[in-house]
Amino acid sequence: MAAGSRTSLLLAFGLLCLPWLQEGSAFPTIPLSRLFDNAMLRAHRLYQLAYDTYQEFEEAYILKEQKYSFLQNPQTSLCFSESIPTPSNRVKTQQKSNLELLRISLLLIQSWLEPVQLLRSVFANSLVYGASDSNVYRHLKDLEEGIQTLMWRLEDGSPRTGQIFNQSYSKFDTKSHNDDALLKNYGLLYCFRKDMDKVETFLRIVQCRSVEGSCGF
(Lines of atoms letter the chains of each structure in order from A and count residues from 1; the text may use other names and numbers.)
(Lines give C-alpha, C1' and ligand atoms only; values in the text may rest on other atoms or scores of the structure.)
Protein backbone atom coordinates (compact mmCIF):
# COMPACT_ATOMS: atom_id res chain seq x y z
CA MET A 1 0.00 0.00 0.00
CA ALA A 2 1.32 3.43 -0.92
CA ALA A 3 2.40 5.73 1.88
CA GLY A 4 -0.21 8.33 0.91
CA SER A 5 -3.04 5.77 0.97
CA ARG A 6 -1.90 4.43 4.35
CA THR A 7 -1.83 7.95 5.81
CA SER A 8 -5.32 8.67 4.49
CA LEU A 9 -6.63 5.41 5.96
CA LEU A 10 -5.15 6.13 9.39
CA LEU A 11 -6.55 9.67 9.32
CA ALA A 12 -10.02 8.41 8.43
CA PHE A 13 -9.87 5.78 11.20
CA GLY A 14 -8.81 8.43 13.69
CA LEU A 15 -11.67 10.73 12.73
CA LEU A 16 -14.18 7.90 13.12
CA CYS A 17 -12.86 7.02 16.57
CA LEU A 18 -12.61 10.62 17.82
CA PRO A 19 -16.22 10.97 19.03
CA TRP A 20 -15.96 7.67 20.96
CA LEU A 21 -12.67 8.67 22.53
CA GLN A 22 -14.07 12.03 23.56
CA GLU A 23 -17.13 10.38 25.08
CA GLY A 24 -15.06 7.81 26.93
CA SER A 25 -12.71 10.39 28.37
CA ALA A 26 -15.50 12.54 29.77
CA PHE A 27 -16.51 12.03 33.41
CA PRO A 28 -20.25 11.36 33.57
CA THR A 29 -22.18 13.38 36.13
CA ILE A 30 -23.67 11.17 38.82
CA PRO A 31 -27.41 11.84 39.11
CA LEU A 32 -28.39 13.76 42.22
CA SER A 33 -30.91 11.06 43.08
CA ARG A 34 -28.14 8.46 43.26
CA LEU A 35 -25.99 10.68 45.48
CA PHE A 36 -28.90 11.03 47.88
CA ASP A 37 -29.63 7.30 47.77
CA ASN A 38 -26.02 6.52 48.66
CA ALA A 39 -25.99 9.07 51.49
CA MET A 40 -29.29 7.79 52.88
CA LEU A 41 -28.07 4.18 52.81
CA ARG A 42 -24.99 5.16 54.81
CA ALA A 43 -26.99 7.30 57.23
CA HIS A 44 -29.51 4.53 57.83
CA ARG A 45 -26.74 1.99 58.32
CA LEU A 46 -25.09 4.21 60.92
CA TYR A 47 -28.35 4.82 62.74
CA GLN A 48 -29.18 1.10 62.76
CA LEU A 49 -25.74 0.23 64.12
CA ALA A 50 -26.07 2.93 66.78
CA TYR A 51 -29.59 1.85 67.75
CA ASP A 52 -28.87 -1.89 67.88
CA THR A 53 -25.62 -1.46 69.82
CA TYR A 54 -27.30 0.89 72.29
CA GLN A 55 -30.20 -1.52 72.85
CA GLU A 56 -27.86 -4.48 73.26
CA PHE A 57 -25.64 -2.64 75.74
CA GLU A 58 -28.60 -1.35 77.74
CA GLU A 59 -30.20 -4.79 78.05
CA ALA A 60 -26.91 -6.42 79.05
CA TYR A 61 -25.47 -3.91 81.53
CA ILE A 62 -27.87 -1.13 82.53
CA LEU A 63 -30.50 -1.56 85.22
CA LYS A 64 -33.84 0.21 84.86
CA GLU A 65 -33.05 2.38 87.86
CA GLN A 66 -29.74 3.41 86.29
CA LYS A 67 -31.44 4.22 83.00
CA TYR A 68 -34.06 6.47 84.58
CA SER A 69 -31.47 8.17 86.77
CA PHE A 70 -29.25 8.73 83.74
CA LEU A 71 -32.00 10.21 81.57
CA GLN A 72 -33.37 12.46 84.31
CA ASN A 73 -29.98 13.91 85.20
CA PRO A 74 -29.13 16.76 82.77
CA GLN A 75 -25.43 16.39 83.59
CA THR A 76 -25.18 12.73 82.60
CA SER A 77 -27.57 12.85 79.63
CA LEU A 78 -25.96 15.93 78.08
CA CYS A 79 -24.39 15.13 74.71
CA PHE A 80 -21.16 16.90 73.74
CA SER A 81 -22.56 17.42 70.23
CA GLU A 82 -25.30 19.65 71.66
CA SER A 83 -22.87 22.53 71.20
CA ILE A 84 -23.81 22.22 67.51
CA PRO A 85 -26.91 24.39 66.89
CA THR A 86 -29.66 22.07 65.65
CA PRO A 87 -33.40 22.68 65.19
CA SER A 88 -35.30 21.43 68.22
CA ASN A 89 -38.57 20.46 66.56
CA ARG A 90 -40.21 19.67 63.22
CA VAL A 91 -41.33 23.25 62.52
CA LYS A 92 -37.86 24.70 63.08
CA THR A 93 -36.33 21.90 61.02
CA GLN A 94 -38.61 22.68 58.07
CA GLN A 95 -37.59 26.34 58.29
CA LYS A 96 -33.95 25.45 57.63
CA SER A 97 -32.65 25.55 54.07
CA ASN A 98 -31.25 22.46 52.38
CA LEU A 99 -27.67 23.68 52.77
CA GLU A 100 -28.22 24.51 56.44
CA LEU A 101 -29.51 21.00 57.14
CA LEU A 102 -26.60 19.48 55.23
CA ARG A 103 -24.08 21.61 57.14
CA ILE A 104 -25.61 20.57 60.47
CA SER A 105 -25.50 16.93 59.38
CA LEU A 106 -21.87 17.31 58.35
CA LEU A 107 -20.92 18.81 61.72
CA LEU A 108 -22.71 16.02 63.58
CA ILE A 109 -20.86 13.38 61.57
CA GLN A 110 -17.51 15.08 62.08
CA SER A 111 -18.13 15.42 65.80
CA TRP A 112 -18.13 11.62 66.14
CA LEU A 113 -14.90 10.82 64.29
CA GLU A 114 -12.91 10.97 67.55
CA PRO A 115 -15.29 9.68 70.27
CA VAL A 116 -16.51 6.67 68.27
CA GLN A 117 -13.02 5.22 68.63
CA LEU A 118 -13.43 5.32 72.42
CA LEU A 119 -16.20 2.76 72.02
CA ARG A 120 -13.74 0.20 70.64
CA SER A 121 -14.29 -2.28 73.49
CA VAL A 122 -18.07 -1.94 73.26
CA PHE A 123 -18.11 -2.65 69.53
CA ALA A 124 -15.59 -5.49 69.94
CA ASN A 125 -17.90 -7.29 72.40
CA SER A 126 -21.07 -6.56 70.44
CA LEU A 127 -22.98 -9.23 68.56
CA VAL A 128 -24.49 -6.61 66.25
CA TYR A 129 -23.50 -7.31 62.65
CA GLY A 130 -20.84 -4.89 61.39
CA ALA A 131 -20.33 -3.30 64.79
CA SER A 132 -16.62 -2.55 65.02
CA ASP A 133 -14.94 0.77 65.60
CA SER A 134 -13.16 0.52 62.22
CA ASN A 135 -16.41 -0.18 60.36
CA VAL A 136 -18.29 2.61 62.10
CA TYR A 137 -15.43 5.05 61.53
CA ARG A 138 -15.33 4.13 57.84
CA HIS A 139 -19.09 4.64 57.55
CA LEU A 140 -18.72 8.07 59.18
CA LYS A 141 -15.94 9.08 56.78
CA ASP A 142 -17.91 7.82 53.77
CA LEU A 143 -20.99 9.77 54.84
CA GLU A 144 -18.88 12.86 55.53
CA GLU A 145 -17.63 12.71 51.94
CA GLY A 146 -21.13 12.06 50.62
CA ILE A 147 -22.60 15.07 52.42
CA GLN A 148 -19.78 17.30 51.21
CA THR A 149 -20.51 16.16 47.64
CA LEU A 150 -24.20 16.95 48.07
CA MET A 151 -23.36 20.41 49.40
CA TRP A 152 -21.12 20.98 46.40
CA ARG A 153 -23.88 19.91 43.98
CA LEU A 154 -26.64 21.91 45.67
CA GLU A 155 -24.55 25.04 46.00
CA ASP A 156 -22.76 26.56 43.00
CA GLY A 157 -20.52 23.66 42.06
CA SER A 158 -17.36 25.32 43.36
CA PRO A 159 -14.95 23.06 45.27
CA ARG A 160 -15.29 23.14 49.05
CA THR A 161 -13.56 21.30 51.84
CA GLY A 162 -16.41 21.52 54.33
CA GLN A 163 -16.43 23.05 57.77
CA ILE A 164 -14.55 21.01 60.33
CA PHE A 165 -15.98 20.50 63.79
CA ASN A 166 -13.49 22.14 66.12
CA GLN A 167 -14.61 21.14 69.60
CA SER A 168 -12.86 17.95 70.63
CA TYR A 169 -14.62 15.33 72.70
CA SER A 170 -11.66 15.14 75.09
CA LYS A 171 -12.35 18.70 76.29
CA PHE A 172 -15.95 17.78 77.02
CA ASP A 173 -14.95 14.52 78.70
CA THR A 174 -12.75 16.26 81.28
CA LYS A 175 -15.84 18.15 82.45
CA SER A 176 -17.95 15.01 82.66
CA HIS A 177 -19.40 14.18 86.06
CA ASN A 178 -19.58 10.49 85.21
CA ASP A 179 -16.63 8.49 86.53
CA ASP A 180 -18.21 5.11 85.89
CA ALA A 181 -16.80 3.61 82.67
CA LEU A 182 -19.96 1.58 82.13
CA LEU A 183 -22.24 4.60 82.34
CA LYS A 184 -19.81 6.68 80.32
CA ASN A 185 -20.02 4.18 77.45
CA TYR A 186 -23.78 4.08 77.87
CA GLY A 187 -23.89 7.85 77.60
CA LEU A 188 -21.80 7.80 74.42
CA LEU A 189 -24.04 5.17 72.84
CA TYR A 190 -27.12 7.15 73.86
CA CYS A 191 -25.76 10.29 72.19
CA PHE A 192 -24.49 8.43 69.14
CA ARG A 193 -27.93 6.95 68.52
CA LYS A 194 -29.56 10.34 69.06
CA ASP A 195 -27.24 12.16 66.64
CA MET A 196 -27.41 9.53 63.90
CA ASP A 197 -31.20 9.75 64.08
CA LYS A 198 -30.92 13.51 63.52
CA VAL A 199 -28.59 13.06 60.55
CA GLU A 200 -30.87 10.53 58.87
CA THR A 201 -33.90 12.77 59.46
CA PHE A 202 -32.21 15.89 58.07
CA LEU A 203 -30.94 14.05 54.99
CA ARG A 204 -34.38 12.59 54.33
CA ILE A 205 -35.93 16.07 54.39
CA VAL A 206 -33.33 17.48 51.98
CA GLN A 207 -33.75 14.48 49.68
CA CYS A 208 -37.53 14.94 49.67
CA ARG A 209 -37.14 18.59 48.70
CA SER A 210 -34.49 17.96 46.05
CA VAL A 211 -35.45 14.71 44.31
CA GLU A 212 -38.88 14.27 42.77
CA GLY A 213 -40.72 11.18 43.98
CA SER A 214 -38.40 10.57 46.94
CA CYS A 215 -40.75 11.68 49.73
CA GLY A 216 -42.31 9.13 52.01
CA PHE A 217 -39.41 6.70 52.05
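In case you wondered, yes, glycine gets a Cβ from its N, Cα and C as well.
Reviewing Cys17, Cys191, the cysteine that Swiss-Prot connects to Cys79 via a disulfide bond turns out to be Cys191.
Here the disulfide-bonded residues are Cys191, Cys215, and the one with the most other Cβ atoms within 10 Å of its Cβ is Cys191.
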